[in-house]
Amino acid sequence: MSPNFKLQCHFILIFLTALRGESRYLELREAADYDPFLLFSASLKRELAGEQPYRRALRCLDMLSLQGQFTFTADRPQLHCAAFFISEPEEFITIHYDQVSIDCQGGDFLKVFDGWILKGEKFPSSQDHPLPSAERYIDFCESGLSRRSIRSSQNVAMIFFRVHEPGNGFTLTIKTDPNLFPCNVISQTPNGKFTLVVPHQHRNCSFSIIYPVVIKISDLTLGHVNGLQLKKSSAGCEGIGDFVELLGGTGLDPSKMTPLADLCYPFHGPAQMKVGCDNTVVRMVSSGKHVNRVTFEYRQLEPYELENPNGNSIGEFCLSGL
């Protein structure tokens with residue numbers, strides 16, 4: 001990953017390792033007294049399915065991809081803490097407060113964010129999320145237990161918290177619910193296949209893959225016929241109500257990424273592209289007049305593919321072939 005996409009305090013190590021599906025221990029070198037923590041693989045998720053609810057302590061910097069109950073208890077003042085939650089693409093995440101013991105008057109806080117935010121960049125972007133930015137933050141110190149359960153709008157959510165007094169903290173239960181038409185998704189894995197469907201809804205939907213990838217679009221159904229063109233000028237599909245665009249960049253927010261290609265005509269592919277960016281996004285813009293659908297596969301680029309791009313690559317756009 002590029003330096004621009006790293007957080008201080010090795011925060012990005014948690015983020016990237018969990019997304020790569022690794023099931024191993026990490027050490028947070030900046031805090032030697034932190035215990036290493038286990039990030040769970042798909043096989044372990046299957047083993048835990050149907051068993052007693054999973055429980056473990058929540059750490060000041062954490063990543064969770066399992067349902068269960070998680071408790072944070074401060075052993076000393078913890079002033080800059082956050083935990084990322086991620087589920088399967090076709091799921092919402094519900095965060096339920098079981099117990100909260102923090103001192104809001106003394107400067108403690110516990111906030112849920114609907115999506116992810118890293119170094120000021122949000123996913124989903126403000127353009128793609130159904131709520132205004134201010135409404136995506138739910139502050140326990142303002143709402144208390146009147147909002148005991150908070151459901152995300154997509155497969156990612158996070159909390160920010162600060163606890164000064166040792167012994168104080170909170171307990172959360174994380175659950176997931178089916179999402180029949182997932183709109184904004186961060187992929188847990190560097191390889192996969194997905195169909196993004198927007199059924200007669202005026203909304204924009206992004207599928208984010210935080211790896212350099214080869215992406216193959218096998219099917220695209222839109223409510224009109226036009227053309228496909230690489231994004232070499234300001235001309236493109238933006239004047240059309242329904243289209244798909246491919247974006248690449250080093251950050252999290254799709255609205256701040258570079259448009260690489262526009263797709264604005266129905267076809268049965270494949271159309272294959274190699275994108276050497278830290279983050280690749282397939283984004284569908286829908287007018288609400290049609291049922292739009294795009295199916296694509298993706299796999300992480302091998303190191304030799306990044307080191308030896310082919311001759312028709314566009315390096316400044318991280319794109320290496322169409």
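Heads up, the Cβ atoms here are built off N, Cα and C, so glycines get one too.
Among the features that TrEMBL reports, signal peptide is placed at 1-21.
Residues or ranges marked as domain 'Corticotropin-releasing factor binding protein N-terminal' in TrEMBL: 53-177.
The disulfide bond feature in TrEMBL is assigned to C60-C81 (among others).
When other Cβ atoms within 10 Å of the Cβ of C141 (disulfide bond) are tallied across all protein chains shown, the result is 15. For C104-C141 (among others), the entry in TrEMBL reads disulfide bond.
Remark: C183 (disulfide bond) has P124, D128, S153, Q154, L196, V198, R203, C205 as non-local neighbours, by Cβ distance under 8 Å and separation of at least 6 in sequence. For C183-C205 (among others), the entry in TrEMBL reads disulfide bond.
The domain 'Corticotropin-releasing factor binding protein C-terminal' annotation in TrEMBL covers 185-307. When pLDDT values are averaged over the domain 'Corticotropin-releasing factor binding protein C-terminal' (185-307), the model yields 85.
Every protein chain shown contributes to the tally, and the Cβ of C237 (disulfide bond) ends up with 23 other Cβ atoms within 10 Å. Residues or ranges marked as disulfide bond in TrEMBL: C237-C264 (among others).
Taken from TrEMBL, the feature disulfide bond applies to C277-C318 (among others).
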Item checked: Cα-Cα distance linking C264 (disulfide bond) and C141 (disulfide bond), given in Å to the nearest integer -> 46
Next item on the list: In whole Å, note down how far the CA of C237 (disulfide bond) lies from the CA of C104 (disulfide bond).
Entry: 49
Check: Which whole-number value in Å describes the distance between the Cα atoms of C81 (disulfide bond) and C277 (disulfide bond)?
Finding: 28
Notebook entry, point to check: Hey, what's the Cβ neighbour count for C264 (disulfide bond) at 10 Å?
Noted result: 23
Next item on the list: Note down the number of other Cβ atoms within 10 Å of the Cβ of C205 (disulfide bond), including every protein chain shown.
Entry: 24
Item checked: CB contacts for C277 (disulfide bond) [other CB atoms within 10 A, all chains] -> 25
